[in-house]
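What TrEMBL says about this one:
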TRANSMEM  12-38  transmembrane segment
TRANSMEM  50-74  transmembrane segment
TRANSMEM  86-109  transmembrane segment
TRANSMEM  121-146  transmembrane segment
TRANSMEM  166-186  transmembrane segment
DOMAIN    170-260  domain 'DUF6534'
TRANSMEM  206-231  transmembrane segment
REGION    299-325  region 'Disordered'
Amino acid sequence: MASVEGVDVGRTYGALLFGASGAFGLSGIVVTQCLVYFKQYPEDSHKTKAMVLASWLLDMTHSAFVMLSIYDYFIKYFGDEGGIDIIPWPLAVSVVVTALQTLLVHCFFAVKIFRSSRRNWYITGPIVLLAIARLVSASMTTYNMIHLKRFSAFMIPFPKTMFTTGLSLTAAVDILITGWLCYYLVEIRTRISPGSTMMIKMVDTLTLYTLENGALTCLAAVASLVCWLTMPHNLIFMGLHFVISKLYANSLLASLNMRRQLWQIHGGLDPSSDEGPSNAKKRGVESAFRIQNTFQNKTSKSTFDHPPSPYNNNADSVPLPPRAESGVLHRRGHEARGGDGVIQFRPASSYYWNVIARTTKPNV
């Protein structure tokens, strides 16, 4: 066997080891979040539960491939200087598994933007197309890695460009999604009465969370991309790539699990309490707060260009008492009439970032 003296151990084996350790740690958080989700939100739709299950399975699959890759590098090729140049097939497959996890999360957010934009394909279409293109790029990367078998051969322009394109598309889609979600949240904030302190704080919390959530996944992809372009002859970029899939899975699950916490912080009530009618508790306690300002009148003609909520089933909304506009949410089915109309919130299937505002007034 060849000596390992010519290998930068810290930037090759060390990078893979630290990246894998971080990935396994984040995978543990994914498992915890899945358990929390199924315990706290048993009444969510079957589609949402299937999505969470798919995300967890992809995460476990990715972890298995990362573990097999580490085994190959540290056991199978131990002491072989040329072993670090070999691309084990599990490492290659982990790239496309990461892309599948990324596609799942991107499509999830894209659906929310699609509904928030009143089914505007000009907004959602580019996001979906770029997300699919990212998967295609990752699939071609995996194929070339398995076919070429070595990083030295993978450095030729075409396969190298495919990997670069995949990471670039990941960051681009993150930026688009974060930008549009923040745009709609800002639109909502401008339509909330200045006296509705609780509502304003809620939207501000959602906006901050959206920015942090999008920035984290985007920065991970950009960091891996920068290391790949500037240091292609070590494996720091691959160590960073290991954690990208985990960050997306946690992003999705955290978005779902924060609904109850948001209610407790800004609603001022314990969701597990028995206060209020059972119907309101069922529909409102675990809701994402889809705020809708309406004025009850005969015609209810909208005066804003912002699209109405895609969830217009009145049976799923729980009107709130007048005190809700002063910052206190209740679950009792009373109407809050006045200049700002009735404030409603929607069920859990709406999710937090899908907050929609519509203000109407009677014809003059």
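Placed from the backbone N, Cα and C atoms, the Cβ positions cover glycine too.
Within its own chain, the transmembrane segment (86-109) is flanked in space by residues 51, 54-55, 58-59, 61-62, 64-66, 68-69, 72-73, 76-77, 127-128, 131-132, 134-135, 137-139, 141-142, 145-146, 148-151, 154, 163, 166, 170, 173, 177, 181, 238, 241-242, 244-245, 248-249, 251-252, 353, which lie at least six positions past its ends and keep a Cβ under 8 Å from the stretch. Mean pLDDT for the domain 'DUF6534' (170-260) in this predicted model: 91. Across the domain 'DUF6534' (170-260), DSSP helix (H, G, I), strand (E, B) and coil residues number 80 helix, 0 strand, 11 coil.
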